[in-house]
Structure formats: C-alpha cells, structure tokens
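K.L.:
Submitted below is the structure of interest, expressed as structure tokens.
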Amino acid sequence: MAPPQLNSEAPLREKEVAGSGGNGPRRFFTWEEVGLRTGRIQPYNEHWLVIDRKVYDISRFYKRHPGGARVIRHYAGQDATDAFMAFHLDKDQVNKYLKSLLIGELAPDQPNSEPNKNQLIIEDFRKLRSTVEKTGLLKPNSLFFFLIFLHIVILDVAAWLTIWYFGSSLVPFFIGVALFTTAQCQMSWFQHDLGHLSVFSNSKWNHLVHTVLMGAVKGMPAKWWNNLHFQHHAKPNCFRKDPDLNMHPIVFALGKKLSTELGMKKKKFMPYNHQHKYFFITGPGLLLPFFQFSVFYFSIKRKEWVELALIVTYNIRVCLIYIPLMGFKCFMAFYWLSRFLETSWFTWVSQMNHIPMQIDYDKNTDWLSMQLQATCNVDQSFFNDWFTGHLNFQIEHHLFPTMPRHNYWKVAPLVKSLCAKHGIAYQCKPLFTAFGDILHSLKDSGEAWYDAYIHA
C-alpha cells in the first residue's frame with residue numbers, strides 16, 4: 001500500500017506528556033505522519049514505527065536489532081504492535097531498549113491502528129492473544145521436547161550403527177541414508193522450535209541451545225536462520241520483504257500478480273510456463289548449494305566465530321564417524337544424497353502452506369488477515385504432525401510463533417471461530433492435496449506470465 005501523502009510544511013503536533021522518562025517533551029503524531037517515516041520517502045529519512053500507540057524512532061537502532069535489521073525495518077511507517085507481541089517472550093526486558101527510542105505517541109483522536117485496517121478484527125485478535133496467554137498455551141511441555149530430541153538422537157545413532165554393523169553394501173547404505181535423512185529433517189523441526197523460543201520458558205536458554213544444536217548437529221548457524229526466518233514471519237508472502245520469495249523471478253515466477261508484471265516487462269530468466277515440471281529438481285537442487293555456501297558466508301561476514309567453529313565441528317564429526325566405515329567416495333554419496341533428500345523434504349513441507357496462497361507486495365493489513373492470506377493448514381494426524389514438525393498447523397504457528405507446537409491443536413478451534421466471525425478464509429487440506437497445490441499454483445502463475453509475455 002502506498003504511504004499516505006503529507007504536505008511537507010505540515011507541523012508535527014507537539015504536547016507535553018506526563019511520565020516522559022526524562023527524555024524531554026514528547027509529541028503527538030498522526031498515522032499520516034508516521035506513514036511517511038519508512039526510510040524511503042524524501043525528505044523524511046527516519047524509520048518510525050508504532051507499538052501500543054507509542055511512536056518509536058528506530059533509525060539508528062534497527063541495525064543493532066537482535067532479531068535482525070530487516071525484520072524491524074519492514075514495519076517502518078506502520079503499526080508493529082501485533083508483530084512485537086508475537087515475537088518477544090520477555091516484554092519487560094525488551095521495553096528497556098524501547099525507552100530510549102520513544103519520541104511520542106499517537107494523538108488522542110487517532111485510532112489504535114492505521115485507519116485502513118479493520119479495527120474490530122484487530123481488537124478481537126488481541127483479545128484472543130490475551131486468552132492464549134492467560135490459559136498458558138504459550139508455556140512449553142519439557143517432556144514433549146525431551147522425547148522429540150531423544151528420538152532424533154536414536155535415529156542418528158541408528159544410521160551409524162546400520163553402516164557399522166552391516167557395512168555399506170546397497171541395502172544398508174540406503175537404510176542408513178533414510179535414517180540419517182530423517183534424523184536431520186526432524187532436527188530441522190526441533191531447531192525451528194528453539195529458534196521461535198518455544199522449547200524453554202527462558203529466552204536465553206532457547207538462544208543458547210539453539211546456537212549449539214544448530215551448529216553442532218545441523219552444521220548451520222542459528223543467527224543465519226533467525227535472520228531469514230523472522231523476516232518471513234513478519235511479512236509472509238510479501239514480495240521484497242519475505243526472503244522465502246527471493247526465488248522470484250530468478251528461478252520461479254510466484255503469484256499471478258507478480259508473474260503477470262514480469263511478463264509485461266518481457267522478463268524471462270527461466271521458462272516459467274514449465275516451472276511446475278522443473279520444481280521437483282530445481283527447488284531442492286538450488287537450495288542445497290545455497291544453504292551450504294550461505295552458512296559459511298554469513299558466519300564469516302558477520303564474524304560469528306563461535307557458530308563457525310560449531311559448523312566446522314559438525315563436518316569433522318560426521319567425516320570421522322563415517323569415512324572409516326565406508327571410505328571417502330561412498331561417504332560423499334551417502335552424505336550428499338541425504339542432504340538432497342532432506343532439502344526436498346524441507347522444501348515440500350515449507351512451501352505447501354505458502355506458495356498456493358496469496359503472494360503480493362506488502363498491503364499493510366492487520367496481523368490476522370495478513371497471516372491467513374499467506375498461510376494454510378494441513379489435516380491433523382499423528383503422521384502429519386510428525387512428518388511436518390507440526391507445521392501442518394501453519395496458521396496457528398504464524399499467528400503465535402512462540403507457541404509450543406504441542407498446543408497448536410488447542411488454539412485451532414478458537415482461531416477458526418474468529419475467522420468465521422469476520423469472514424476470513426481458514427484453509428485446511430489433506431497432505432497430498434497440499435503438495436499438489438504447489439504444482440497447480442506454479443502452473444497457474446507460469447501461465448499468467450506466459451500470457452502476459454506473449455500478448456502484452
């Protein structure tokens with residue numbers, strides 16, 4: 001949505017506010033004035049955002065933001081209240097940072113959120129959020145996550161024991177690959193839990209264990225994952241804000257609107273009208289080298305030496321326990337086949353909830369509507385829960401990203417009820433239908449590109 005226009009001569013409304021914390025007089029602002037402070041509109045170079053009616057200037061802070069510079073900057077010029085509530089466990093600790101950034105608040109005649117948003121939806125969702133907190137649905141079950149981690153360890157050890165006991169002939173080789181791949185993929189879901197601060201009640205423990213396990217067991221840096229994934233949650237399926245859409249347009253044309261624009265500009269990096277056919281290989285095939293390259297690049301560029309050391313430790317450990325059993329060439333085949341299968345598993349599960357949904361530029365809609373437009377669910381079953389790491393409850397996960405996954409099913413009826421009340425589509429489908437919808441969506445957007453490319 002284009003930011004509101006404001007006469008550059010219009011004065012900011014100033015007024016003393018009691019309890020300003022010693023920072024001098026604060027000012028009252030309108031949404032119109034806040035909307036110009038996106039950092040992209042001249043002569044307004046500031047980055048402002050609103051949390052609970054208070055206006056903060058993050059122009060200097062956003063580069064030091066612990067969750068990443070981009071994720072907070074994506075909300076410049078907007079109301080960030082629901083995003084702030086969704087991402088932070090310890091609000092009191094975070095408020096210490098906010099005090100120094102506070103420059104004023106919304107004028108009394110201003111609504112609680114931007115005028116273009118549905119205030120009733122916002123109020124009802126915040127009531128639901130309050131209910132979730134009061135009923136303890138954000139509290140983790142330690143036994144659940146211990147069992148999750150234990151079964152990962154068992155799978156990992158079983159992979160090595162299979163090769164150690166039976167050798168590396170064809171059958172034990174593929175059994176070992178299956179076990180190793182499954183352990184790694186389940187570890188992906190577990191590190192996802194840690195990254196979202198949903199395993200421990202204390203943020204510091206989540207961060208610490210996430211850093212160690214992500215590096216030593218997955219061979220990837222936790223901060224790299226956080227930097228990308230938090231942006232995805234903040235603005236899902238919003239082009240130029242959700243990094244999961246960076247494959248558009250270099251590899252895929254995503255969403256009918258963006259694909260049509262691409263065709264009208266006569267841009268053709270790939271034969272997008274055939275993308276539903278090459279997704280099977282190209283999607284996982286390109287993600288694999290991207291992951292392997294970017295984890296080292298990120299760690300070195302950001303000087304994350306501890307995480308780099310853990311990544312190196314992981315690679316040394318895997319080499320030392322497998323190469324003596326099967327030789328270097330056989331190990332290379334074992335390892336890279338496992339990585340490709342793991343990446344394929346990850347790709348299909350992570351994209352089944354998003355690619356078939358609305359993909360567009362940031363429209364700055366309310367939190368509930370934005371997440372429901374970009375996400376859908378897959379039917380609940382023991383297998384689906386396990387296979388997807390409970391990301392079959394993608395809607396609930398996006399609405400409450402710090403919620404432990406074992407509680408998604410409990411809040412789902414409340415979310416459905418709220419969506420029904422406001423006429424918001426709540427999509428839930430079988431697993432293989434969700435997989436098929438990825439291809440249907442790619443085919444539709446590819447055809448939209450082709451039609452615009454030929455006829456525009």
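Going from the start of the chain as shown, residues are counted 1 onward.
Using N, Cα and C of the backbone, Cβ positions are placed for all residues, glycine too.
Just lifted these from TrEMBL, have a look:
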- 1-21: region 'Disordered' (REGION)
- 26-107: domain 'Cytochrome b5 heme-binding' (DOMAIN)
- 143-165: transmembrane segment (TRANSMEM)
- 171-190: transmembrane segment (TRANSMEM)
- 278-300: transmembrane segment (TRANSMEM)
- 320-337: transmembrane segment (TRANSMEM)
K.L.:
List, by number or range, the same-chain residues at least 6 past the transmembrane segment (320-337) whose CB is under 8 A from its CB atoms?
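P.N.:
For the transmembrane segment (320-337), the sequence-distant neighbours (Cβ-Cβ under 8 Å, at least 6 residues beyond its ends) are 160, 163-164, 167-168, 173, 176-177, 180.
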K.L.:
Under DSSP, the domain 'Cytochrome b5 heme-binding' (26-107) has how many residues in helix, strand and coil?
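P.N.:
Going through the domain 'Cytochrome b5 heme-binding' (26-107) residue by residue, I get 29 helix, 21 strand, 32 coil.
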K.L.:
Please average pLDDT over the domain 'Cytochrome b5 heme-binding' (26-107) for the predicted structure.
P.N.:
92
